[in-house]
């Protein structure tokens, strides 16, 4: 917070208002003076008296002259104590001025259009949820980073760190009224109270697509296909991005051999997910602390290093589900046409406790960026909330890393404001006519930047250039007397007069 | 929170997974049993040993038979203790299942399209802002309802209750780099911790349009014109909705006559705004408590009852800005073509402290609903944050009351999921081919609901009806051997076979 600045130390220049000191007695008073109670009990004039002496108003109630449109309150007469606020958004959050918003809209439109092409329906949930929805016991990073607080009704609430638990909640709520399989997508803001590092913020938007009600790997194949379709639309190729794919069942089958009880499964996955972030000895120590023997840990790490499905099959055998699922996924990838995008990598486990089967993540082949997106199967999430389980899988795709990738590849789109028309009156008296012209054009579906003040033509052309207006429509007296307006096509310079009714 | 339910009391039926008890020893164990540390130190088999005895795997590590695709973990083997969560969204918040989301999207698209027609650029700000941004001293309802808390870094933050302070913050931040006038719009979620009553929630989305840099009333006229354009698009007419318009300068001119210091102006406005909500004696008491004399209060209330601009001019005189502004606005309304929509009503002051000039609100002419939207001029907001003032006006338009109004008028649109194609393989073996067909169609911009499992045709037709699919594309063995697929146009019943490449 910046310190209190006194009114005198803080010169506030009005942009275009000529100050007119309506409150001549108080406008220069110190900002923080105390108003004595009942100080205004002496009435000057009644309104009935006022009305009758209207024309000769020279007392405090009359206009102090000057008149015109400029007479707002002087900026220095602002009443509350002025505390210069921090003009930046809170740490880790973003403003979206027009240029950034255009990029966000462009990105979200692609998310939406791809989801539509795949027949998914859009949903959303509250950004503020009960904290209980996100509290899992597997030691996930996401839990430590929860933006949680107590509301005024003493409820523990949290800004959602992800969308999947809300999806699960809604699906349980809707129960049998839903037709399976569900294909839902959402684009929602998520929050994590992270230590700020380069490129990591505390909020981001996440595109989620989820399929519920399908135990078949076709669901995972379809989801990856939709991400590939998205990448292709925005110019990203298989030489830029790949998907590492594995299955949590690989780990499960290993752990089963060491009789590790299933209730440790989530916890073990969360530890393993940190392999690239913390030293291997620390990983081993944490695994050991859960109860795994050193031999089991060594075997586990050995399996995690496998990058070939054939090799995995040699180790686990062909009868297991892990291998069968993965083989089917790779076979489907070929039919969907994205074989070049995916590769088996046993080290992928993902950082969420609830995954049970196939897991995948999109990665930058240059290795410069963090995971671009990630997802997997979570067949048992609903029962952790007390609901009936439904086979489910989905992915999350953030809005941050993809923008970094587009920058890296020189693929950021050039997005400009573009209006169809700029409409301008040549005299302020014709402002009403310009409004009429603008209304007519807008009713025909044309966008209009209406010039709402008297400005020289030079200014108008400059503005037209900034807004990329296609056409300038000028309302002048001579033309308007004939019911006509002047038109200039700004790309070609072509100029003509036209009846307003004929303007399309 | 619902009480803990034991696994036995809480029957969780799997939707379609045939349970396969991989963890046969532990799957029926009580949910909360303690795992002794190092309990798994005895290793059963090494993986190399495992690999070599793959085919005869009958120990714990082998498949327990059955195989197939059904073998996920039994639902009763979920590891964490199950707490049945509250399946409803937090009090005062909403889920958006597909049917509600379609309505929200429809509404937002109209907001966006109208904003585009008027040449406005979209912006957004963080939903979480510094609390200081919303703390004003005028006694506004909005301040008492702030959703505020301390984050993990001990910063006082709040979920935004409105968008205008964030706009002001961003404009100060951008400073001279902005070209005036700014025409910005935003559609953002806002939060108020309100006592819950019928139809009042704690979050809503708000469409804002703001013009900064224009002292002229043309700005207000343009803003009201955009709301009228919105109403017309969705079928609302001037017999359904009107705008009550006044100016805060009316009050200002009255208060000036009683030498009420300007620093009370905001506070007085806030009290007056409650006139229809609390008893008049309470209003008088509150006004009196600010220091206004009883006579001043009576005069004020008398002026507030004026519903005619002519009458106002008689009382205040024609030279004042209040009357001049209002007359100009009504004159512009005629040119814009929405005279029938607006009426002068001195009682309108709006509940935000920062308005300085014209204020307006859209109201249901039947008087059943709360204000539909509201706005006004706020030329001095920026200086309260320590910035340079810029003339400004804008409005907020919530997503709740308008939906109630559309219901009242029978104007709610019928919005359905609509996919272009449903694609289905007649055998599970042809699933890959169906994927290929779906990918081809999607690349041509056609939306496809791909059937990802083996289902009888009857089911497929039922699903096609639910998704309003235009066309059914069937992949069968006989046709596919000729490189063809079967097509059925679902509206006409027309059926034919076609080469995949010729399918548009």
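Backbone N, Cα and C atoms are what each Cβ position is placed from, and that goes for glycine too.
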Annotated range (TrEMBL: region 'Disordered') out of A:7-30, A:31-54, A:55-78: A:55-78
Additional site residue, A:192, A:195, A:370 [criterion: listed by TrEMBL with A:162, A:163, A:164, A:206, A:210, A:350, A:354, A:355 for L-histidine]: A:192
Confidence summary (mean pLDDT) of the domain 'Aminoacyl-transfer RNA synthetases class-II family profile' (A:92-413): 93
Where residue A:206 (L-histidine binding site) falls in three-state DSSP terms: strand
Neighbour count (Cβ, 10 Å) for residue A:164 (L-histidine binding site): 23
Sparsest-packed among the binding-site residues, when each Cβ's other Cβ atoms within 10 Å are tallied, from A:162, A:350: A:162
Proximal but sequence-remote residues of the same chain as residue A:206 (L-histidine binding site) (Cβ under 8 Å, at least 6 apart): A:162, A:163, A:187, A:188, A:189, A:190, A:396, A:397, A:398, A:399
Under 8 Å by Cβ from residue A:355 (L-histidine binding site), counting only residues of that chain that are 6 or more apart: A:248, A:269, A:349, A:376, A:377, A:378
